[in-house]
Amino acid sequence: MSNNVVVLGTQWGDEGKGKVVDILTERAKYVIRYQGGHNAGHTLVINGEKTILHLIPSGILRENVKSIIAHGVVLSPEALIKEIHELEARGIPVRQRMLISEACPLLLSYHVAMDIAREKARGTNALGTTGRGIGPAYEDKVARRALRVSDLFNKESFAIKLKDIVDYYNFQLVHYYKVEAVSYQKILNDIMVVTDMLTSMVADISVLLYNAYQQGDIMMFEGAQGTLLDIDHGTYPYVTSSNTTAGCVTTGSGLGPHYIGYVLGIVKAYSTRVGAGPFPTELFDDTGNFLCLKGHEFGATTGRRRRTGWLDAVALRRAVHINSISGLCLTKLDVLDGLKEIKICSAYRMQDGCIIYTTPIALEKWEGIEPIYETLPGWNETTVGIQALADLPRAAHQYIKLIEELTRVPVDIISTGPDRRDTIILHDPFSD
């Protein structure tokens, strides 16, 4: 069995994956982003200094780690170059540490324009996208009209292909959505400025990863968003446009499933969601406000305030099953400090009174769901910075045990603060 590890979110994103990946990359040779785009926001805090990454893998801060953007990612050249310059200004040699798949679809300004136009046209039925163009970029990939990084090697051919697709988008933008057209010449000029930088980092990622496996190098696969936002398994249509589950690791990176050994599911000690969509355990009271403010629940990408609620073990069980999760990492446990009681949703009561223990599929069936809670005592002691399980309050132990019982999966890692050091590792994911 391989000891390569997948790290992914089990909720609606924002679970704290970036910090966990950063910790575990101390053991890895490669960190791979395999899906999503710059709609992700992974926050790392190292010695009190905050770093927010959107496209670049969280392993970039490690000197001996190679960061990979694989072909399952839709790549915004503008966002990537901006991120590279910001990190290099801090002395991090990004271009020496990172490689990009030449099969990555390019995300350009016409995708953003279409995303924004569609959301505006939906009015009160807006999906709550980040407006970064992710959906339209994936649409182009599926429709086989996407421009890819590999197209940049032939600038003349790229310019012709770009003209065709800009005309296609502008027809819709102007005649259907009644908004301004995007400028073909500006898009072409902007991409030509950064073409040489992008192509200098290109590699055949599938071959690279297979060779790394043959050499015994350890790999970490970093997911973006969360399971409940998966295009197939999430709360459709309030989902992202990629597969966020473990199955996408192989299709999005080009490394076969036999070479994956352990799947670590990141779960926040409470639930959050950005944008519209079902959220059975959402809190609208002082407790919800407490979790939002204490947990600093504002999007790293959009700055939007996140909706907050109690931990939903029903949805978490679904994530465990879909991803064949080996172990859980419980994050932001310290945010619960000071609450008199803590609740976990263990089942749903449907509108007809029926009790179910797994999430529904159809959107209509989410309506009117009543969460059924298990209530536990809270704790007044601080858990911030605790690094040993024995030092946690007794009530925190009870909370962790109930999560394990409801999901039938062990909690292998506990995060007690934003810094690397604020972590309890009960089981090493690389030891399997």
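Placement of Cβ uses the backbone N, Cα and C atoms for every residue, glycine included.
For reference, Swiss-Prot has these:
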type     : residues                                                                                       : note
BINDING  : 13-19, 41-43, Arg306, 332-334, 415-417                                                         : GTP binding site
BINDING  : Asp14, Gly41                                                                                   : Mg(2+) binding site
BINDING  : Asp14, Glu15, Gly16, Lys17, Asn39, Ala40, Gly41, His42, Thr130, Arg144, Gln225, Thr240, Arg304 : IMP binding site
ACT_SITE : Asp14                                                                                          : active site, proton acceptor
ACT_SITE : His42                                                                                          : active site, proton donor
BINDING  : Ala300, Thr301, Thr302, Gly303, Arg304, Arg305, Arg306                                         : substrate binding site
**Q.** For Gly16 (GTP binding site), the number of other Cβ atoms found within 10 Å of its own Cβ
**A.** 20
(Q) Validating a neighbour-count step here. Other CB atoms within 10 A of the CB of Arg304 (IMP binding site): how many? (A) 13
Q.
Restricting to the binding-site residues Gly13, Gln225, Leu333, which ones have a CA within 10 Å of the CA of Gly41 (Mg(2+) binding site)?
A. Gly13, Gln225
Q) Out of Lys19, Arg305, Arg306, which has the highest number of nearby Cβ atoms, where nearby means within 10 Å of its Cβ, if these are the binding-site residues? A) Lys19
Q | Protein Cβ atoms within 10 Å of Leu333 (GTP binding site), excluding its own | A | 24
Q: Measuring Cα to Cα, tell me the gap between Arg305 (substrate binding site) and Lys19 (GTP binding site) in whole angstrom.
A: 20
(Q) Please identify, among the binding-site residues Asn39, Gln225, Gly303, Arg304, the one with the smallest Cα-Cα distance to Leu333 (GTP binding site). (A) Gln225
